[in-house]
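S.K.: Quick one: the structure is below, questions incoming.
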Amino acid sequence: MSDPIYRRVIVKLSGEALTGSGDFGIEQATVERLAADLVATARLGVELGVVVGGGNIFRGVEVSERGVPRPVGDTMGMLATVMNCLVLEAAIERAGCEARTLSALAMPAVCEMYNRKRAMKNLGKGRVVLLAAGTGNPFFTTDTTAVLRGAELEAQAVLKATNVDGVYTADPKKDPNAKRYERLSHQEALAKDLRVMDGAAFALARENRMPIIVFSIDEKGAIESVLRGKGRATVVG
Ligand SMILES: Nc1ncnc2c1ncn2[C@@H]1O[C@H](COP(=O)(O)OP(=O)(O)OP(=O)(O)O)[C@@H](O)[C@H]1O
Ligand SMILES: O=c1ccn([C@@H]2O[C@H](COP(=O)(O)O)[C@@H](O)[C@H]2O)c(=O)[nH]1
């Protein structure tokens with residue numbers, strides 16, 4: 001079998017991936033499957049930072065549409081990502097691999113605060129590092145967080161695990177004629193306004209020459225396949 005193509009990566013898991021067959025919250029069986037995939041990947045010797053979205057619980061924009069100030073809604077979204085990280089951390093540890101949640105918002109009774117050195121140290125020890133609470137700032141997303149942490153932690157790529165099998169010419173959930181790309185540049189993704197990730201994330205990735213691999217997390221073993229250079233995915237970079 002081919003060796004993993006990267007030594008250190010950031011996996012971006014969409015919050016929605018945790019809902020499994022539902023459309024809100026956390027389905028435990030799905031969390032266990034995702035944890036098993038992450039542990040299998042870590043056992044290949046790949047150092048893993050994991051950023052989890054919060055869209056299965058709260059998105060700041062949606063909360064603010066109900067009259068809550070946007071920064072408050074965004075804080076709720078960031079707290080949602082902490083819950084997702086904690087449930088995933090517990091499942092990864094049960095599956096036999098050490099994991100640490102580091103949060104960009106201080107919550108000493110819950111988990112350690114994120115700082116670059118601490119994250120690097122944990123990655124070097126082979127622990128799966130769960131990067132919680134996004135960037136710690138409102139008006140950002142966890143996609144941007146994944147690219148930011150990737151650049152800070154010297155990852156070789158961001159693996160965006162989502163509910164579509166790559167980047168398309170238009171949103172494939174809305175346009176049945178959308179065509180999938182095998183490969184495209186950050187610049188093309190920005191110029192064509194392809195919304196599989198937000199523009200800030202693509203711009204930061206372009207600036208830091210960070211490849212982003214977009215693939216579906218629905219199949220068991222999807223992360224490992226991508227790391228072995230197999231499976232259906234789009235490479236942006
Ligand atoms: N050009 C495109 N190619 C592929 N997917 C696209 C495109 N434009 C929009 N999308 C949509 O982008 C979505 C990917 O976003 P994703 O679910 O990963 O969101 P997220 O904000 O990262 O996570 P969360 O679930 O936590 O909100 C897909 O569901 C897909 O329908
Ligand atoms: O740096 C960040 C990251 C996230 N948020 C808020 O959290 C939610 C959930 O993240 P998704 O990327 O949408 O899954 C997001 O909608 C923001 O409200 C943030 O404020 N800052």
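Glycine residues also receive a Cβ, built from the backbone N, Cα and C atoms like all the rest.
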S.K.: Which one, Gly54, Gly96, Gly124, is listed by TrEMBL in the same UMP site as Asp74, Thr135, Gly136, Asn137, Pro138, Phe139, Phe140, Thr141, Thr142?
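M.R.: Looking at Gly54, Gly96, Gly124, the one TrEMBL places in the UMP site next to Asp74, Thr135, Gly136, Asn137, Pro138, Phe139, Phe140, Thr141, Thr142 is Gly54.
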S.K.: Got a sec? Which of Thr141, Thr162, Tyr168, the binding-site residues, have CB under 6 Å of any ligand 2 atom?
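M.R.: The ones that qualify, in sequence order, are Thr141.
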S.K.: List only the single closest residue to Lys12 (ATP binding site), chosen from the binding-site residues Thr135, Asn137, Phe139, Thr141 by CA-CA distance.
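M.R.: That would be Thr141, the closest of Thr135, Asn137, Phe139, Thr141 to Lys12 (ATP binding site).
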S.K.: So among the binding-site residues Thr135, Asn137, Thr141, Thr162, who's got the most Cβ atoms within 10 Å?
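M.R.: Going through Thr135, Asn137, Thr141, Thr162 one by one, the largest Cβ count within 10 Å is at Thr141.
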S.K.: Which one is closest to Tyr168 (ATP binding site) in space, judged by CA to CA distance, out of the binding-site residues Gly54, Phe139, Thr141?
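M.R.: The answer is Thr141.
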S.K.: Which of the binding-site residues Thr135, Asn137, Tyr168 have a Cβ less than 6 Å from any atom of ligand 1?
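M.R.: By the Cβ criterion, which requires under 6 Å to ligand 1, the hits are Tyr168.
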